[in-house]
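Among the features that TrEMBL reports, domain 'HTH luxR-type' is placed at 173-238.
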Amino acid sequence: MVDHHRLSSSLRTLQAVKHREELCLALEKLCARYAVMHMTFLVVCAGAVSSTYPYFCTTYPDSWTSAYLERGYFGIDPVIDVVRRGFLPVDWSALDWRSKPVRRLLKEARLYGVGSQGLTIPIRGANGERSLFSVTSTLPRREWTRLRDSNVHEMQILSHYMHEAVFALDFRTSHRISKLSGRESQCLQLLASGRISKQIAADLGISESAVKLYLRTARLKLGALTSHHAVAKASFLELIKL
């Protein structure tokens, strides 16, 4: 279930970020708002743009970030492989933690207070960009599952919004976006509220195939690869209001 007030407040928090350094402060506010332990945003690949990578912003303790980099954990961390898996969020319980070095990474992360539960969302941009957004928790498995399921839709929108914000601040040249039609905007706004295509069709009094067409044309206009990306980008560009 989408909390519209919370999502709108969270997007406003991200909208206020004008410099890359401010993103970590925004993540701290979002952690409190969504009752999670930590959040991390990582640019794995910037596509055609030439710059220094990976760029990351995290609420993890500085001591853990330093240890992670010094020990070369980036090269063995199964969370990083999520970027190759597609578009869907991945719970850390589904990752392969069996090798000895990876088990050591996980044990050390917990000692530093990272959390025993986690969710990572892969983000793919139209120009080859690849990013990851992760949230962690110290909750027991059952409570974490409830929290994860109640937050995941909003997290997908927020993760894509962060992707747009980071690339707009640092990496991407601006380009003109075609104006969305009224129906395209309506479909994106209803999708953001947690409605699925069939429900959107009933709300608007049109066919489900028409809804899918409007969402597809909206993605094309926005240069988005997924509908969640389209929602986030349309909100970022102030083409829709959430």
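Glycine is no exception: its Cβ is also placed from the backbone N, Cα and C atoms.
Secondary structure of the domain 'HTH luxR-type' (173-238) per DSSP (helix as H, G, I; strand as E, B; remaining residues coil): 44 helix, 0 strand, 22 coil.
Per-residue pLDDT, averaged over the domain 'HTH luxR-type' (173-238), rounds to 85.
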